[in-house]
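Chemist: Got these off TrEMBL a minute ago, pasting:
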BINDING   His117, Thr118, Lys255, Asn264, Arg273  substrate binding site
BINDING   His147, His192, His247  divalent metal cation binding site
Amino acid sequence: MTVIAVTSGEPAGIGPDICLALAAKAFPARLVVLGDRGLLAERAAALGVTLDGLDIRHVPLRGPCVAGRLDVANARYVLELLDVALAGCQSGEFAAMVTAPLHKGVINDAGIAFTGHTEYLAGKTDTRRVVMMLAGAGLRVALATTHLPLKDVAAAITPAELETTLRILHADLRAKFGFARPRILVAGLNPHAGEGGHMGREEIDVIVPVLEKLRREDMELVGPLPADTLFTKNVLAGSHAQLAMYHDQGLAVLKYAAFDEGINVTLGLPIIRTSVDHGTALDLAGSGRASPSSLFAAVEAAIDMARRSA
Ligand SMILES: NC(=O)c1ccc[n+]([C@@H]2O[C@H](COP(=O)([O-])OP(=O)(O)OC[C@H]3O[C@@H](n4cnc5c(N)ncnc54)[C@H](O)[C@@H]3O)[C@@H](O)[C@H]2O)c1
Ligand SMILES: N[C@H](C(=O)O)[C@H](O)COP(=O)(O)O
(Lines of atoms letter the chains of each structure in order from A and count residues from 1; the text may use other names and numbers.)
(Lines give C-alpha, C1' and ligand atoms only; values in the text may rest on other atoms or scores of the structure.)
(Ligands and ions follow the chains in the order given, each with its own letter.)
Protein backbone atom coordinates (compact mmCIF):
# COMPACT_ATOMS: atom_id res chain seq x y z
CA MET A 1 0.00 0.00 0.00
CA THR A 2 1.12 3.55 -0.74
CA VAL A 3 2.38 5.21 2.45
CA ILE A 4 2.45 8.99 2.66
CA ALA A 5 4.14 11.10 5.36
CA VAL A 6 2.28 14.19 6.54
CA THR A 7 4.32 16.68 8.56
CA SER A 8 2.15 18.56 11.07
CA GLY A 9 4.18 21.77 10.77
CA GLU A 10 4.37 24.70 13.17
CA PRO A 11 2.93 23.34 16.44
CA ALA A 12 1.38 26.67 17.47
CA GLY A 13 -0.44 26.99 14.13
CA ILE A 14 -3.29 25.13 12.50
CA GLY A 15 -1.09 22.31 11.17
CA PRO A 16 -1.95 19.94 14.04
CA ASP A 17 -5.67 20.82 13.75
CA ILE A 18 -5.91 20.04 10.06
CA CYS A 19 -3.85 16.85 10.44
CA LEU A 20 -6.35 15.63 13.02
CA ALA A 21 -9.07 16.03 10.40
CA LEU A 22 -7.34 13.44 8.21
CA ALA A 23 -8.63 10.66 10.49
CA ALA A 24 -12.21 11.36 9.48
CA LYS A 25 -11.63 10.97 5.75
CA ALA A 26 -10.80 7.87 3.71
CA PHE A 27 -7.80 8.05 1.39
CA PRO A 28 -6.53 5.30 -0.91
CA ALA A 29 -3.20 5.24 0.96
CA ARG A 30 -1.86 4.88 4.49
CA LEU A 31 -1.10 8.29 5.99
CA VAL A 32 1.52 8.67 8.72
CA VAL A 33 1.27 11.98 10.59
CA LEU A 34 4.59 13.20 11.94
CA GLY A 35 4.34 15.19 15.13
CA ASP A 36 4.40 15.21 18.91
CA ARG A 37 1.78 12.75 20.15
CA GLY A 38 1.05 14.77 23.31
CA LEU A 39 0.56 17.97 21.31
CA LEU A 40 -1.81 16.21 18.92
CA ALA A 41 -3.74 14.70 21.86
CA GLU A 42 -4.01 18.11 23.53
CA ARG A 43 -5.22 19.77 20.33
CA ALA A 44 -7.67 16.92 19.73
CA ALA A 45 -9.13 17.45 23.20
CA ALA A 46 -9.45 21.18 22.55
CA LEU A 47 -11.26 20.48 19.29
CA GLY A 48 -13.43 17.71 20.73
CA VAL A 49 -12.10 15.04 18.39
CA THR A 50 -10.14 11.84 19.05
CA LEU A 51 -6.82 10.51 17.87
CA ASP A 52 -8.51 7.26 16.88
CA GLY A 53 -7.71 6.31 13.32
CA LEU A 54 -4.67 8.59 13.13
CA ASP A 55 -1.37 6.86 12.47
CA ILE A 56 1.14 9.02 14.37
CA ARG A 57 4.95 8.90 14.14
CA HIS A 58 6.00 10.57 17.38
CA VAL A 59 8.57 13.34 17.07
CA PRO A 60 8.99 15.13 20.40
CA LEU A 61 8.50 18.88 20.78
CA ARG A 62 11.57 20.77 21.97
CA GLY A 63 9.60 23.15 24.19
CA PRO A 64 6.09 23.71 25.50
CA CYS A 65 3.48 24.76 22.98
CA VAL A 66 0.48 27.06 23.32
CA ALA A 67 -1.88 27.30 20.35
CA GLY A 68 -1.44 30.63 18.60
CA ARG A 69 1.84 31.51 20.36
CA LEU A 70 5.10 31.01 18.47
CA ASP A 71 8.14 29.81 20.39
CA VAL A 72 11.64 29.71 18.93
CA ALA A 73 12.31 26.64 21.08
CA ASN A 74 10.28 24.56 18.63
CA ALA A 75 11.96 25.70 15.41
CA ARG A 76 14.24 22.64 15.41
CA TYR A 77 11.24 20.41 15.98
CA VAL A 78 9.56 21.78 12.84
CA LEU A 79 12.67 21.08 10.77
CA GLU A 80 13.04 17.63 12.31
CA LEU A 81 9.57 16.76 11.00
CA LEU A 82 10.81 17.58 7.51
CA ASP A 83 14.02 15.65 7.99
CA VAL A 84 12.20 12.52 9.18
CA ALA A 85 9.73 12.71 6.27
CA LEU A 86 12.49 13.29 3.75
CA ALA A 87 14.59 10.41 5.09
CA GLY A 88 11.53 8.16 4.78
CA CYS A 89 10.97 9.26 1.18
CA GLN A 90 14.60 8.63 0.35
CA SER A 91 14.63 5.19 1.96
CA GLY A 92 11.44 4.18 0.19
CA GLU A 93 9.37 3.97 3.41
CA PHE A 94 7.20 6.85 2.17
CA ALA A 95 6.03 7.35 -1.40
CA ALA A 96 5.64 11.09 -0.86
CA MET A 97 5.61 13.80 1.78
CA VAL A 98 2.82 16.29 2.38
CA THR A 99 3.57 19.31 4.51
CA ALA A 100 1.25 21.27 6.80
CA PRO A 101 2.32 24.91 7.17
CA LEU A 102 5.31 26.14 9.10
CA HIS A 103 6.22 29.66 10.14
CA LYS A 104 9.28 30.96 8.30
CA GLY A 105 9.71 33.92 10.64
CA VAL A 106 10.04 31.98 13.88
CA ILE A 107 12.61 29.63 12.35
CA ASN A 108 14.71 32.64 11.37
CA ASP A 109 14.12 34.17 14.81
CA ALA A 110 15.63 30.96 16.22
CA GLY A 111 18.82 31.81 14.32
CA ILE A 112 18.31 29.36 11.47
CA ALA A 113 18.38 30.89 7.99
CA PHE A 114 15.24 29.56 6.31
CA THR A 115 13.18 30.72 3.34
CA GLY A 116 10.68 27.90 2.87
CA HIS A 117 10.11 24.17 2.49
CA THR A 118 10.87 24.49 -1.22
CA GLU A 119 14.38 25.83 -0.76
CA TYR A 120 15.03 23.65 2.33
CA LEU A 121 14.17 20.42 0.53
CA ALA A 122 16.18 21.48 -2.51
CA GLY A 123 19.20 22.04 -0.25
CA LYS A 124 18.74 18.79 1.66
CA THR A 125 18.53 16.77 -1.56
CA ASP A 126 21.38 18.65 -3.29
CA THR A 127 19.00 19.76 -6.01
CA ARG A 128 20.37 22.93 -7.55
CA ARG A 129 17.07 24.19 -8.87
CA VAL A 130 13.44 23.38 -8.07
CA VAL A 131 10.22 25.07 -9.11
CA MET A 132 7.36 26.09 -6.84
CA MET A 133 3.94 25.51 -8.36
CA LEU A 134 0.53 26.06 -6.79
CA ALA A 135 -2.53 24.48 -8.32
CA GLY A 136 -6.26 24.89 -7.86
CA ALA A 137 -9.44 26.01 -9.62
CA GLY A 138 -8.03 24.69 -12.88
CA LEU A 139 -4.87 26.82 -12.63
CA ARG A 140 -1.30 25.58 -12.26
CA VAL A 141 0.78 28.60 -11.36
CA ALA A 142 4.54 28.09 -11.32
CA LEU A 143 7.02 30.73 -10.21
CA ALA A 144 10.26 31.82 -11.87
CA THR A 145 11.42 33.24 -8.51
CA THR A 146 10.16 32.38 -5.03
CA HIS A 147 11.02 33.80 -1.63
CA LEU A 148 13.14 36.85 -2.22
CA PRO A 149 12.65 40.59 -1.78
CA LEU A 150 10.89 42.27 -4.68
CA LYS A 151 13.87 44.53 -5.29
CA ASP A 152 15.99 41.44 -6.12
CA VAL A 153 13.54 39.82 -8.52
CA ALA A 154 14.63 41.29 -11.85
CA ALA A 155 18.29 40.38 -11.30
CA ALA A 156 17.33 36.81 -10.36
CA ILE A 157 15.58 36.22 -13.69
CA THR A 158 18.57 35.33 -15.83
CA PRO A 159 18.36 33.43 -19.13
CA ALA A 160 19.94 30.36 -17.55
CA GLU A 161 17.60 30.32 -14.53
CA LEU A 162 14.52 30.93 -16.65
CA GLU A 163 15.49 28.19 -19.07
CA THR A 164 16.03 25.74 -16.21
CA THR A 165 12.71 26.69 -14.64
CA LEU A 166 10.86 26.08 -17.89
CA ARG A 167 12.60 22.77 -18.46
CA ILE A 168 11.67 21.54 -14.96
CA LEU A 169 8.10 22.76 -15.31
CA HIS A 170 7.71 21.16 -18.74
CA ALA A 171 9.21 17.84 -17.62
CA ASP A 172 7.13 17.57 -14.44
CA LEU A 173 3.89 18.55 -16.15
CA ARG A 174 4.50 15.48 -18.27
CA ALA A 175 5.84 13.13 -15.58
CA LYS A 176 3.82 14.14 -12.52
CA PHE A 177 0.63 15.43 -14.14
CA GLY A 178 0.41 13.33 -17.29
CA PHE A 179 0.18 16.13 -19.88
CA ALA A 180 1.82 14.75 -23.00
CA ARG A 181 2.31 18.18 -24.61
CA PRO A 182 2.05 20.91 -21.98
CA ARG A 183 1.01 24.36 -23.14
CA ILE A 184 2.60 26.92 -20.82
CA LEU A 185 1.69 30.60 -20.63
CA VAL A 186 4.64 32.78 -19.60
CA ALA A 187 4.10 36.15 -17.95
CA GLY A 188 6.21 39.20 -18.59
CA LEU A 189 7.89 40.88 -15.66
CA ASN A 190 6.94 44.48 -16.30
CA PRO A 191 3.55 46.19 -16.74
CA HIS A 192 2.13 45.33 -20.18
CA ALA A 193 5.06 42.94 -20.63
CA GLY A 194 7.37 45.91 -20.99
CA GLU A 195 5.35 47.82 -23.63
CA GLY A 196 7.87 47.06 -26.35
CA GLY A 197 10.82 48.05 -24.16
CA HIS A 198 9.38 51.36 -22.97
CA MET A 199 8.54 49.98 -19.52
CA GLY A 200 11.46 47.66 -18.91
CA ARG A 201 13.66 45.47 -21.08
CA GLU A 202 13.60 42.10 -19.29
CA GLU A 203 11.06 40.72 -21.77
CA ILE A 204 13.23 41.63 -24.77
CA ASP A 205 16.61 40.85 -23.25
CA VAL A 206 15.79 37.71 -21.23
CA ILE A 207 12.36 36.18 -21.64
CA VAL A 208 11.88 36.27 -25.43
CA PRO A 209 15.29 34.71 -26.26
CA VAL A 210 14.68 31.86 -23.78
CA LEU A 211 11.21 31.16 -25.16
CA GLU A 212 12.53 31.19 -28.73
CA LYS A 213 15.29 28.75 -27.82
CA LEU A 214 12.93 26.31 -26.12
CA ARG A 215 10.30 26.56 -28.85
CA ARG A 216 12.94 25.25 -31.23
CA GLU A 217 12.83 22.11 -29.05
CA ASP A 218 9.11 21.94 -29.72
CA MET A 219 7.94 23.19 -26.32
CA GLU A 220 4.60 24.96 -26.52
CA LEU A 221 5.27 28.27 -24.81
CA VAL A 222 3.08 31.36 -25.13
CA GLY A 223 4.38 34.76 -24.14
CA PRO A 224 5.71 36.86 -22.63
CA LEU A 225 2.14 37.88 -21.86
CA PRO A 226 1.03 40.91 -19.86
CA ALA A 227 0.47 39.45 -16.38
CA ASP A 228 -2.67 41.45 -15.69
CA THR A 229 -4.60 39.72 -18.47
CA LEU A 230 -2.80 36.37 -18.55
CA PHE A 231 -5.30 35.01 -16.03
CA THR A 232 -8.42 36.01 -17.96
CA LYS A 233 -10.64 33.22 -19.22
CA ASN A 234 -9.91 33.54 -22.93
CA VAL A 235 -6.16 33.74 -22.53
CA LEU A 236 -6.09 30.78 -20.13
CA ALA A 237 -8.14 28.55 -22.42
CA GLY A 238 -6.23 25.43 -23.41
CA SER A 239 -3.22 26.10 -21.18
CA HIS A 240 -1.88 23.53 -18.71
CA ALA A 241 0.26 25.87 -16.60
CA GLN A 242 1.11 29.52 -16.16
CA LEU A 243 4.59 30.75 -15.28
CA ALA A 244 4.65 33.92 -13.17
CA MET A 245 7.88 35.85 -12.76
CA TYR A 246 7.55 36.36 -9.01
CA HIS A 247 5.66 35.14 -5.95
CA ASP A 248 2.77 37.59 -5.66
CA GLN A 249 2.32 38.05 -9.43
CA GLY A 250 1.06 34.48 -9.58
CA LEU A 251 0.00 33.50 -6.08
CA ALA A 252 -2.34 36.42 -5.45
CA VAL A 253 -4.40 35.21 -8.39
CA LEU A 254 -4.20 31.54 -7.43
CA LYS A 255 -5.19 32.21 -3.82
CA TYR A 256 -8.03 34.48 -4.89
CA ALA A 257 -9.35 31.76 -7.15
CA ALA A 258 -8.60 28.69 -5.07
CA PHE A 259 -7.74 29.45 -1.43
CA ASP A 260 -8.86 26.46 0.61
CA GLU A 261 -8.68 23.95 -2.20
CA GLY A 262 -5.30 24.78 -3.71
CA ILE A 263 -2.11 22.82 -3.31
CA ASN A 264 1.57 23.57 -3.50
CA VAL A 265 3.91 21.18 -5.33
CA THR A 266 7.68 21.29 -5.49
CA LEU A 267 8.74 20.37 -9.01
CA GLY A 268 12.21 19.10 -9.84
CA LEU A 269 12.87 17.32 -6.53
CA PRO A 270 13.97 13.69 -6.51
CA ILE A 271 11.03 12.99 -4.16
CA ILE A 272 7.34 13.89 -4.27
CA ARG A 273 6.34 16.80 -2.03
CA THR A 274 3.00 18.55 -1.91
CA SER A 275 1.65 21.05 0.60
CA VAL A 276 -1.25 23.24 1.56
CA ASP A 277 -1.77 26.63 -0.10
CA HIS A 278 -2.13 28.51 3.18
CA GLY A 279 0.00 29.46 6.15
CA THR A 280 -0.01 28.80 9.87
CA ALA A 281 -3.12 30.91 10.60
CA LEU A 282 -2.10 31.38 14.24
CA ASP A 283 -5.38 33.21 14.80
CA LEU A 284 -7.31 29.99 14.16
CA ALA A 285 -5.14 27.39 15.92
CA GLY A 286 -7.21 25.31 18.34
CA SER A 287 -10.43 27.10 17.37
CA GLY A 288 -11.99 24.46 15.15
CA ARG A 289 -12.37 27.05 12.37
CA ALA A 290 -9.41 25.98 10.22
CA SER A 291 -10.44 24.29 7.01
CA PRO A 292 -8.58 21.05 6.22
CA SER A 293 -9.64 21.12 2.53
CA SER A 294 -6.29 22.22 1.16
CA LEU A 295 -4.53 19.50 3.15
CA PHE A 296 -6.97 16.92 1.82
CA ALA A 297 -6.29 18.12 -1.73
CA ALA A 298 -2.52 18.03 -1.13
CA VAL A 299 -2.74 14.45 0.15
CA GLU A 300 -4.86 13.38 -2.82
CA ALA A 301 -2.42 15.01 -5.26
CA ALA A 302 0.54 13.29 -3.59
CA ILE A 303 -1.20 9.92 -3.87
CA ASP A 304 -1.91 10.55 -7.57
CA MET A 305 1.68 11.54 -8.24
CA ALA A 306 3.02 8.56 -6.33
CA ARG A 307 0.84 6.23 -8.41
CA ARG A 308 1.93 7.88 -11.64
CA SER A 309 5.59 7.50 -10.79
CA ALA A 310 5.31 3.93 -9.39
N1 LIG B 1 3.13 25.80 3.19
C2 LIG B 1 3.58 26.61 4.14
O3 LIG B 1 4.32 26.19 5.01
C4 LIG B 1 3.16 28.05 4.17
C5 LIG B 1 2.34 28.61 3.16
C6 LIG B 1 1.99 29.96 3.23
C7 LIG B 1 2.44 30.73 4.31
N8 LIG B 1 3.22 30.14 5.26
C9 LIG B 1 3.69 30.89 6.44
O10 LIG B 1 2.57 31.06 7.32
C11 LIG B 1 2.81 32.22 8.11
C12 LIG B 1 1.56 33.07 8.16
O13 LIG B 1 1.29 33.54 6.86
P14 LIG B 1 0.09 34.50 6.44
O15 LIG B 1 -0.49 35.10 7.67
O16 LIG B 1 0.58 35.33 5.36
O17 LIG B 1 -0.98 33.54 5.76
P18 LIG B 1 -2.03 32.50 6.36
O19 LIG B 1 -2.43 31.64 5.22
O20 LIG B 1 -1.52 31.83 7.58
O21 LIG B 1 -3.28 33.38 6.80
C22 LIG B 1 -3.96 34.26 5.90
C23 LIG B 1 -5.45 34.32 6.27
O24 LIG B 1 -6.08 33.10 5.88
C25 LIG B 1 -6.69 32.45 6.99
N26 LIG B 1 -6.46 31.02 6.82
C27 LIG B 1 -5.28 30.42 6.53
N28 LIG B 1 -5.44 29.11 6.45
C29 LIG B 1 -6.73 28.84 6.67
C30 LIG B 1 -7.50 27.63 6.73
N31 LIG B 1 -6.96 26.42 6.53
N32 LIG B 1 -8.82 27.73 7.02
C33 LIG B 1 -9.39 28.94 7.22
N34 LIG B 1 -8.71 30.11 7.18
C35 LIG B 1 -7.39 30.06 6.90
C36 LIG B 1 -5.99 33.02 8.23
O37 LIG B 1 -6.81 32.93 9.38
C38 LIG B 1 -5.71 34.44 7.78
O39 LIG B 1 -6.85 35.24 7.95
C40 LIG B 1 4.03 32.91 7.51
O41 LIG B 1 5.16 32.60 8.27
C42 LIG B 1 4.16 32.28 6.13
O43 LIG B 1 5.46 32.27 5.65
C44 LIG B 1 3.58 28.84 5.21
N1 LIG C 1 4.95 30.52 -1.18
C2 LIG C 1 4.06 29.62 -0.53
C3 LIG C 1 2.69 30.20 -0.39
O4 LIG C 1 2.57 31.42 -0.41
O5 LIG C 1 1.76 29.46 -0.20
C6 LIG C 1 4.52 29.33 0.87
O7 LIG C 1 5.21 30.39 1.42
C8 LIG C 1 5.09 28.04 1.11
O9 LIG C 1 6.32 27.92 0.55
P10 LIG C 1 7.12 26.60 0.88
O11 LIG C 1 6.31 25.48 0.35
O12 LIG C 1 8.39 26.77 0.20
O13 LIG C 1 7.26 26.55 2.36
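Using the three backbone atoms N, Cα and C, a Cβ is placed for every residue, glycine included.
Nobody curates TrEMBL annotations by hand; they come from automatic prediction.
Each of these features: where is it, how hidden is it, and who are its neighbours?
Modeler: Taking the Cβ of Lys255 (substrate binding site) as reference, residues of its chain lying under 8 Å away and at least six apart in sequence are, in sequence order, Leu134, Gly262, Asp277, His278.
For His247 (divalent metal cation binding site), the same-chain residues 6+ apart in sequence whose C-beta sits under 8 angstroms from its C-beta are Leu143, Thr145, Thr146, His147.
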Chemist: At a 10 Å cut-off from the C-beta of His192 (divalent metal cation binding site), count the other C-beta atoms across all protein chains.
Modeler: 16
Chemist: Near ligand 2, which of the binding-site residues His117, His192, Lys255, Arg273 are found, taking a Cβ distance under 6 A to any of its atoms?
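Modeler: The binding-site residues passing the 6 Å Cβ test are His117.
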Chemist: Under a three-state reduction of DSSP output, how is His117 (substrate binding site) classified: helix, strand, or coil?
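Modeler: Going by the DSSP assignment, His117 (substrate binding site) falls within a helical segment, counted as helix.
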Chemist: Counting all other Cβ atoms within 10 Å across every protein chain shown, which of the binding-site residues His117, His147, Arg273 scores highest?
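Modeler: Neighbour-count leader: Arg273.
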Chemist: Return one of helix, strand or coil for His147 (divalent metal cation binding site), based on DSSP.
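Modeler: It is coil.
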